[in-house]
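Below: the structure, in structure tokens.
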């Protein structure tokens, strides 16, 4: 367990790195990088929106601003510094706000991971924490005094439920020191605030707080749209917690089998408990309870949605309507009208496709995640809602119309929550090095294409494909590792050495 001083040093180091890079001029470079800033999260576009509001017009006039009107007022000090062209003040004010969002996101992430790796994260009917199935099985295995590790492994499943999962208490520091998180913080992007809203929704869901979960979910969906897909894992987290399995009870004394004696002269008198069938310990809840939870969940979503829309209308006043806001924000994301190069898959494809096929392929791209991927994943991982949220965030990072590195930083930050399950994960070297190659070579290819004029769009798009494929490798292999882990829990004889 990392000490409090270690966490304090890590947080101070993360803040120092951000301030150093911001004051050294790195933010001036990163705010023009398409890997960090997109049309939907750029701080510089806020200055245009503020100027339009000051002149009695809607912030969505023209083609510059595509974010929430709340940002225009929340980031007023940053906008004022940009309008005055006070470079140092704009860098400091914007970085400090993003640092605060990153610190809050790290605290929320650490709490989520700690809860996920907590030994007793199951609750009885009285609301008290009780040991998980694997903890009971591991305790039973220790009482056997078997002769060999192989026999112990074949008899029981021990998944490290004692809380010794690696990195589980370093998740917040790892998130803060992630280069993608640092780039999003100092690069003039609202990605840090967007990620904080998503983690707030997951934190509220993990801790069973319907108001907090629904507020975070509505806020995150309002800011970037795609977190709306988290409505399913958030509801499952509220309904069944981190894992749907019920606490195990020690097997009855009659369910015993003989253990072979250590020597031939000793009679086989020792007994061991029979294997606990984890699949029989599934949580069962009444239909009325589910309906009541769904009702409160829907009321929470409706209340926060109405409150947020009312706030937006008050901020817009007579200068604009909510319909205009939706078309310029969520409608802009769905239509993918701005084909400025980014690290996503949309811009190159829709720059090449014929206009009369555009609507069809837009439908296909969005349909792919919403219908083809989400329902099967929900069915398969309904007992692992937090991992389901991780997979959804990873898929949206790949298939968003305007992704940035902050999207990858968000779902990669959740990996420590599954450190125990991912011990047998394969092709980690391929996935990590794919991200490294795309992060290093991508800017080079962009420079050759845009500034040196010695290449073409294929140079940069090849790196975006490498970036997407590397993320796909990590998602596929982590999913396979979790499936294998669950299989080994139910079939201990299939455990690999």
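Every residue, even glycine, has its Cβ placed from backbone N, Cα and C.
Feature list (source: TrEMBL):
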type: REGION; residues: 247-272; note: region 'Disordered'
type: SIGNAL; residues: 1-22; note: signal peptide
type: TRANSMEM; residues: 94-114; note: transmembrane segment
type: TRANSMEM; residues: 212-238; note: transmembrane segment
type: TRANSMEM; residues: 290-316; note: transmembrane segment
type: TRANSMEM; residues: 328-348; note: transmembrane segment
type: TRANSMEM; residues: 360-381; note: transmembrane segment
type: TRANSMEM; residues: 387-415; note: transmembrane segment
type: TRANSMEM; residues: 427-446; note: transmembrane segment
type: TRANSMEM; residues: 458-483; note: transmembrane segment
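Below 8 angstroms of C-beta separation, residues 34-35, 38-40, 60, 63, 65-68, 224-226, 362, 365-366, 398-405, 438, 442, 446, 450, 457, 460-461, 464-465, 467-468 of the same chain, each at least six residues beyond the ends of the transmembrane segment (328-348), sit close to that stretch.
Beyond the transmembrane segment (458-483), the same-chain residues lying 6 or more positions past its ends with a Cβ under 8 Å from any Cβ of the stretch are 341-345, 348, 380-381, 384, 387, 390-391, 394-395, 397-398, 408, 412, 415, 418, 421-428, 430-435, 437-439, 441-442, 445-446, 448-449. Recorded stretches compared: 290-316, 360-381, 387-415, 427-446; the one with the most Cβ pairs under 8 Å to the transmembrane segment (94-114) is 387-415. Comparison of 212-238, 290-316, 427-446 by number of C-beta pairs under 8 angstroms to the transmembrane segment (360-381) places 212-238 first.
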